[in-house]
Amino acid sequence: MKIINIGVLAHVDAGKTTLTESLLYNSGAITELGSVDKGTTRTDNTLLERQRGITIQTGITSFQWENTKVNIIDTPGHMDFLAEVYRSLSVLDGAILLISAKDGVQAQTRILFHALRKMGIPTIFFINKIDQNGIDLSTVYQDIKEKLSAEIVIKQKVELYPNMCVTNFTESEQWDTVIEGNDDLLEKYMSGKSLEALELEQEESIRFHNCSLFPVYHGSAKNNIGIDNLIEVITNKFYSSTHRGPSELCGNVFKIEYTKKRQRLAYIRLYSGVLHLRDSVRVSEKEKIKVTEMYTSINGELCKIDRAYSGEIVILQNEFLKLNSVLGDTKLLPQRKRIENPHPLLQITVEPSKPEQREMLLDALLEISDSDPLLRYYVDSTTHEIILSFLGKVQMEVISALLQEKYHVEIELKEPTVIYMERPLKNAEYTIHIEVPPNPFWASIGLSVSPLPLGSGMQYESSVSLGYLNQSFQNAVMEGIRYGCEQGLYGWNVTECKICFKYGLYYSPVSTPADFRMLAPIVLEQVLKKAGTELLEPYLSFKIYAPQEYLSRAYNDAPKYCANIVDTQLKNNEVILSGEIPARCIQEYRSDLTFFTNGRSVCLTELKGYHVTTGEPVCQPRRPNSRIDKVRYMFNKIT
C-alpha cells in the first residue's frame, strides 16, 4: 500500500481543521462530521485549542482511499508555534496551504508558505470558503501571485452564479505557466507544433515536486464542495519520500506527547525498513530500545499494530526517546529533514499562585519542556525562582493556559527579559595546579582565552599532547569548558572567543577524567575574571511586507524600537523593508505594525547575531552545581 504524509496549513480561521474533518468523512474514515464550534473534531482536541480556535500542537489522523493511506498532519498556525510547524513539516511528503476566498492571503499564510519553500515541500493551494457571499476569485488569484508565487496553475473553472459549479480544466488554458517555464516547450509552442498532454503533465509534475509550480484548487470544506476531487489530487499528485525495496530501518522522532494518564508517547516517521513489535532498535547510533507497544492512526483512530512499513507514522510508548532521535541508520534520513530549532531569546520568572503547588509546577514544566525544545527552565540557586526561556508572547500565554487546563496549576509571571551573551574583553591565562589548595581535584589545568570578532562563536583547541594526556582526559576538559561557558561572569553564555587548553598534569593512578571535568569550569571562571567580559545582546534581521501607504509610518517608528532599516523595495503596491533590530524590541514593533496596518503586514525575522550592549550590565543568577560550587567559592575568595 502507498503511504503518504501531508500537512494542512493555514492562517487562523481559514478552515484547516474543518477541511481535515471533511477529508475523513468523504473518504469513509468517519461516519459523522466533527464540529470546531462543538469541540468534536479529531484534531484541535484540547480545550485551549478549541477556545482560541487555533491549532497549537501537531495533530495526526488518517484515511484510506483505494490503495493509498494518507496521514494528515494538522499543523499549528501561529507565529509563536513555528518550531512545532517546522518539526511537523520535516515529516511531510506534501502540503495543502489553505487560503480563505473571503480573506485572501493573510500575514500568517505568507509566513507558512515561506516555511514550506524553505523546507522544499511540494504544495497545493486550496481556496476554501468559495460559497461565501461577495467572493471575487480573480482578486484572490492576483493576491496569490503578488504575495506568494506567480508560478501557479489554476486547475479548475469555478462558476459562482447562478448555481455553484467547480469543474476541472481539460483544455490548454491551464498550461500557459507550465509552457512558459520550460524553454523547450515554449520553443515548440511558438513554432506552432502541437504539445502532447503527457509531456505537459510530466513537466508540471517535475516542477510541482521541485517546488517551482503550485496548482490551485477550490472548494468549501464546511459544505463539502470540491472535497472528493481534492482527495483524488492528494492521492495522485503526492508521493512518499521513502526508500523503496528492502533496506535498513530509519525513522525520526518529531513529536513527544504526554497523555492525561502521564504516559509518554514518541511520534516517529519511518523513512525506510520495517519496524516490528518486540524489535530491539538502535537509537542515534548509541543505545538500543525495545519496542513493547506500537500504535498508528487508522481511519482517524489510534490502533495497536505489530509491524509498520516505510512511510508510516508510528507512536511508541517510551521514556527515553527524545525529539529528533533517529532510529536505525542515520545515513538514510533525508537531508532536508534536518533542521535547526530557533533559539529562545526571552526569559521570564514564574511562580505558582499557590506556594504549595511548586512541586506540581516543576513536574509539569518537566513534561512540557520535554515535548517542546523551545521551552527551557531552571531553578535559581540563590532565590529559588523558576526561570523559563521561550520565544514569544503567545507561546507564554498558551503555556500558562496549558498549566491551568491540564495540570491544574495557576501561575504568576514577572516581566520578561532578553537572553544575553558574554564575550571576553582581552587575552588572559590562568592555571590551577594539582595539590595546591584550595584545589581538591587530582588534576592541573591551564587555560588561555582571547576575544574573537562577532559571529565567530566559541572556538576550542588543545595544545596538550595526546601522547602525554590521553583522549579521555582531553575530552573531559573540553566537556568541562563547554559546561563552564554556559555561565559567564554575569551568568550568561560565553561566546565569540577562543579557549585554549595549554597545560595539564595528572597523577597516575589516582587522577580520573571526572577530576578534569569538574576543575575545567572553575579554571575557566578564573581566566574570565582576569580577562573581564562584556555583554552582547541578540539582534534579528527582519523583512517587513506592508501596504505601500504605510511606508512613512514604518520608517518613522523604526528609531523608537531601535530598528535600523537598510533596504527598501516597492513591489505590487507593497513596500518591503529590510533591516535589523534588537530582539528585546521585536515584540512591540511587530505588534505596532500589525495594529496600524490592520493585520495586513508581515514581519519575518531570523537571528542575525549579537551586538555589544551599552549601559549597566544585566546580571543573571548562576545555576547551582553541588559538586563544584564550594570549590568555586573558595577560589573566588582568594582571587
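Using N, Cα and C of the backbone, Cβ positions are placed for all residues, glycine too.
Features of the protein shown, as given by Swiss-Prot:
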type	residues	note
DOMAIN	1-242	domain 'tr-type G'
BINDING	10-17, 74-78, 128-131	GTP binding site
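I130 (GTP binding site) falls outside any helix or strand according to DSSP and counts as coil. With a 10 A radius on its CB, A10 (GTP binding site) counts 25 other CB atoms from all the protein chains.
If you average pLDDT over the domain 'tr-type G' (1-242) in this model, you get 83. Counting other CB atoms no more than 10 Å from each candidate's CB, the binding-site residues D13, K16 peak at K16. The secondary structure of K16 (GTP binding site), as reduced to three states from DSSP, is helical.
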